[in-house]
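A.B. asks: Structure provided below as structure tokens; questions to follow.
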Amino acid sequence: MGQQRREVTESLLVRHGHGDLVHTEENIGVVVGGGGSVAASSVTTILALSTFVAACVSFGFGCAIGYSSPTQSSIMEDLGLSMADFSLFGSILNIGAILGAVISGKITDLLGRKLTMWILNIFYISGWLAIAFTKVPWLLDLGRLSLGFTNGISGYLVPIYIAEITPKNLRGRFTAIVPLMTCWGMSSMYVVGSFVSWRTLALIAIIPSILQLPLLSFIPESPRWLANVGRDKELESALLCLRGEKAYISDEATDIKIVAGMVALLSLGGVNAFTYYSGVIFVSAGISSMIGLIALAAAQTLLGFLGTIFIDKSGRRPLLLVALAGLCFSSFLTGLSFLLKDYNWWGEGTPILALIGILMYKGSFVVAVGIPWLLVAELFPINVKGSAGSICNFISGITGWAVAYYFNLLTKWSSAGTFFIFSAFCCANFILAATMVPETKGRTLEEIQASITHSSQ
């Protein structure tokens, strides 16, 4: 019990003003070890270390997503795959994500956030090794399926964990690290994949897991999960912020519909098409694949940094609306470039138009993608958070798979029309966010849920 007490305490502690006291999210003082205090440096180290480990998971998430784009032609050539075979390889990541999404909330609630991370590393490393050493297509697909399963769970797990261990004044910025690290993971695949073989790239992608494995033993479990499973009774005074979570009776069905609608429209807006097949899109638009992918990596990194800076300053809702507007406009711009190309209009300018559209799209997406999952962490009490996250994750996986699988078929019908369809879905998402999404900036999780309860009564 002493170890559990330390785990819960350490995960809640942050520096309090100028004094030696520490406090929870609601500034409740906690006395540690019968009157001792915790040094600011150890507190900072715990929070930073926990966030770093979670960020490694998100980086690996991005590596799995971005892997197929720079490797398409070489994998098809080396293993003799047809376009249909490679479309299966690209989209099967989403099949695995669907399987992981179905159990993501339940398994993280049953096993805890830390143990789930341990298990995910097994699937992550096994998946990359299967891809790196395969000599047959089925093992290639099996490895990709394993990575998808990992992504399906970690897409829910990481933002939830970070949101549960950070105080309200840092929660937005810390959770924004998730899409930023995912962006870096994708970008690393784009850049490194332009210079190394696809087998070597798969081995390089294991690095995030190697970094986090030795650190998992040192990070705390989520205090909210510990409280929910009854391991926090001895810290009742320190965990007053959690009291009453199970008593909230908000209009959870409406909240789930809003967030699920957002993640579905985000996927239907074409993110997997832009991510999995960006190299092919660049070539089709008349742009060098290498130049395009390197520019894409830079744009994602820059916009990801800006999103991290502004999410707690501007608020979730304004930033989400700007990002969704960017997705809508950039999809339309990309479609317009292909339309002009089809009719041989403005031949010199269409590649530039396509490049601007693709860079703007991926930059906008890296800003937008983490916000729905932050809302899952903020809008739902802990006793329904797992189920809500699983539902949203499952819907995201299904719609993402559909886009990944059918994109090549749709472009054969009409490249311009495909991107215009993506733009329409992004526009619908903008309307949903503008009319239904609440602002949660600067409020504790309990204040958010209490306000929802009050408004629904």
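Numbering starts at 1 and runs along the chain as it is shown here.
Just so you know, glycine gets a Cβ as well, placed from its N, Cα and C.
Residues annotated as domain 'Major facilitator superfamily (MFS) profile' in TrEMBL: 43-441. Sequence annotations record features per position, and here TrEMBL assigns transmembrane segment to 46-67, 79-103, 115-133, 145-162, 174-192, 198-219, 256-274, 280-307, 319-340, 352-376, 388-407, 419-437.
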A.B. asks: Looking at the transmembrane segment (419-437) and the transmembrane segment (319-340), are there 3+ C-beta pairs under 8 A, with each pair at least 6 apart in sequence?
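C.D. replies: By the criterion, they touch.
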A.B. asks: What stretch, picked from 46-67, 79-103, 198-219, 388-407, has the most CB pairs under 8 A with the transmembrane segment (115-133)?
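C.D. replies: Looking at each of 46-67, 79-103, 198-219, 388-407 in turn, the most contacts to the transmembrane segment (115-133) are made by 198-219.
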A.B. asks: Between the stretches 46-67, 145-162, 174-192, 280-307, 352-376, which wins on the count of C-beta pairs under 8 angstroms to the transmembrane segment (198-219)?
C.D. replies: 46-67
A.B. asks: Summarise the model's confidence over the domain 'Major facilitator superfamily (MFS) profile' (43-441) as a mean pLDDT value.
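C.D. replies: Mean pLDDT for the domain 'Major facilitator superfamily (MFS) profile' (43-441): 82.
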